[in-house]
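Here the structure is laid out as structure tokens; the discussion comes afterwards.
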């Protein structure tokens, strides 16, 4: 009999209950006990949703991040919070998001509070984790309370639970040494704590533990491979059964290593690594379980169940009880329940599967394998009809768009003149001071903005009333910026709910969900649009709003657009054509908007590519192909403008050392990047690579409520000036200010502008 299980379930709740609960707690509107009760209720509900599984995950729920949870389980707290006492949950949030100075005790780090932990992308997804911090003298100590509490809850609910933990080698690999020490040197101190954790779970009657080691799908050198052998040899003596889980890619040169590790089962992502299944069957010891991730855990399209059974049935005959079935990865990356989508186009809806529907698909596959296809004939027939409907739909294919793609040539992405010539023309037109100040685009999405949008979408506010409300918010943003004496202004994006969804709503080839939320980090959720067909732009999308904002000020007003690569990487993308083709389609559509903004007199146009790095394949050998079409797509979008129009781009959560040449090849006049959490470490790339254009290193962390001091910002910019000529530096926050409050934004920007004025006097 095939065993079904799941690697992880979305933790935010079908209606984002966790998000709202966290925000109430952070604002002091609810108690710690109320937040903990909400977590328990969500876990209870999610285990109920997974009741048909043979094994349900435990420990996949986190109040902020599963990697941060593992750091606390291992007793690895950053030194700056180790002296704080009180409830562990407050320390947890100190690490996750920082804390504004509320007492003399907390006035400890930069910005008048506790510096938040560094945050970066979880592999090639749009989820973010808090980076573990290591020092040569780091020690570990077990705190199993979180897992034991959840295990008690699961037992009380009658759940056959499988605890999920991050493996020791991946944990070290994901972290960062805060000194010159080697992370792997900590492995001997870390392994006994893992062993103690497994012993603790064994004593509680746990049979299986899922231990995630996703770095096995990346390129590992000999030292890291040996770390796997060392780690699992040390854990082999435990009486508990280990399911080693890999996902997000192929094992390739790590396949033999993974198959040889002394564990009881191995999970493989059969969406990305289906071709490796046969090799694993040959290499795995005869008694070992092979868990096959046959349902895509990262996209929302229905699985072709009949096609899946065609290759799973021979495998089931060969492996028998050793075959387990699961999604390819945790379902954290997809929305919770398609049944909530009452307004989604019925035809498109029939092509989709969210987390609960993916578990239904898993059940159909297992039933067919265990009892025969006849037992689920109706479900298989309905699935086949949906797959065929999508394949044949004329809504998916647009001959006009395909013809435009065929006409793309090498000249389409080139500016008329090189940067040095453009810069002099832009300087004459814009007349900016040294260290010009700007923001990244968005200002706080206030309760009034959200209420107006909600009433407009519900039909309680007509279009004229909505436009009046948004214009008032834009005017407020402009007046605040002028009062702050910023140099290049933005309109604040009051009319935009999300930087990708806003554009997707206005492009043909996109569809939108009501409740298709996924977690990005902490309480931050995104609702990716659904790219189901060929992309085109029926009409201008932003010109009216930007032109209105420009009419309110003599200062330059940035046109704000999301770039094609980011729109692609932050969407649920069709899987019936190469991603590069969809990206080129987006590039042509956004290019039309860029040219319309220029015609409207907009002098500065920002094209955000926040997610450029996120699309990089996990293996470097595949980077060049991705970067070629990603950079070309940006250039097609941006480079049709005149020399005196200044093109900005923004990137966040990015490390630049290894892709700096490609970023330079984008040829944006100004690039703004996130650097504050890494204390300008990202600028190390510029020690050896002479970046030719202008750059704005982010000077304060917008993900934290902490207010940066003027001196702190001056210090960061002086570090930047050691690498980048001062005449090519801009001063700006790390990212957009959408998630902050005006009460935080005003003092932070006041200090930022004051710092820029100080720099103009100090740095020649």
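Just so you know, glycine gets a Cβ as well, placed from its N, Cα and C.
According to Swiss-Prot, the protein has these features:
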BINDING   16, 17, 18, 19, 121, 524, 525, 570, 614  5-methyltetrahydropteroyltri-L-glutamate binding site
BINDING   440, 441, 442, 493, 608  L-homocysteine binding site
BINDING   440, 441, 442, 493, 608  L-methionine binding site
BINDING   650, 652, 674, 735  Zn(2+) binding site
ACT_SITE  703  active site, proton donor
### Query
Which residues, in sequence order, are found in the same chain with Cβ within 8 Å of the centroid defined by the Cβ atoms of 440, 441, 442, 493, 608 at the L-methionine site, excluding those residues themselves?
439, 490, 499, 560, 606, 650, 735, 736, 738
### Task
Would you count the other CB atoms within 10 A of the CB of residue 121 (5-methyltetrahydropteroyltri-L-glutamate binding site), including those on all shown protein chains?
19
### Message
Which binding-site residues are spatial neighbours of residue 703 (active site, proton donor) here, meaning Cα within 10 Å, out of 18, 121, 441, 493, 525, 674?
### Response
none
#### Entry: For the recorded positions 16, 703, the one whose C-beta sees the most other C-beta atoms within 10 angstroms
703
### Query
Looking only at 440, 441, 442, 493, 608, the residues listed as binding L-homocysteine, what is the longest Cα to Cα distance in Å?
13
## Note on the structure
Per DSSP (helix/strand/coil reduction), residue 18 (5-methyltetrahydropteroyltri-L-glutamate binding site) sits in helix
### Message
Give me the long-range Cβ neighbours of residue 650 (Zn(2+) binding site): same chain, 6+ apart, Cβ under 8 Å, in sequence order.
### Response
440, 441, 606, 608, 609, 610, 671, 672, 673, 735
### Task
Going by DSSP, give the three-state secondary structure for residue 441 (L-homocysteine binding site).
coil
### Task
Using all protein chains in view, find how many other C-beta atoms are within 10 Å of the C-beta of residue 442 (L-homocysteine binding site).
22
### Candidate binding-site residues 493, 652, 674, pick with smallest Cα gap to residue 121 (5-methyltetrahydropteroyltri-L-glutamate binding site)
652
### Query
How big is the Cα-to-Cα gap, in Å, between residue 493 (L-homocysteine binding site) and residue 525 (5-methyltetrahydropteroyltri-L-glutamate binding site)?
18
### Message
Let me make sure I understand the span of the 5-methyltetrahydropteroyltri-L-glutamate site: among 16, 17, 18, 19, 121, 524, 525, 570, 614, what is the greatest distance between any two Cα atoms, in Å?
### Response
27
### Task
Taking only the Cα atoms, work out how far residue 674 (Zn(2+) binding site) lies from residue 614 (5-methyltetrahydropteroyltri-L-glutamate binding site), in Å, as a whole number.
14
### Task
Name the secondary structure element type, per DSSP in three states, that contains residue 525 (5-methyltetrahydropteroyltri-L-glutamate binding site).
strand
### Message
Return the count of C-beta atoms lying within 10 angstroms of the C-beta of residue 18 (5-methyltetrahydropteroyltri-L-glutamate binding site), excluding that atom itself.
### Response
24
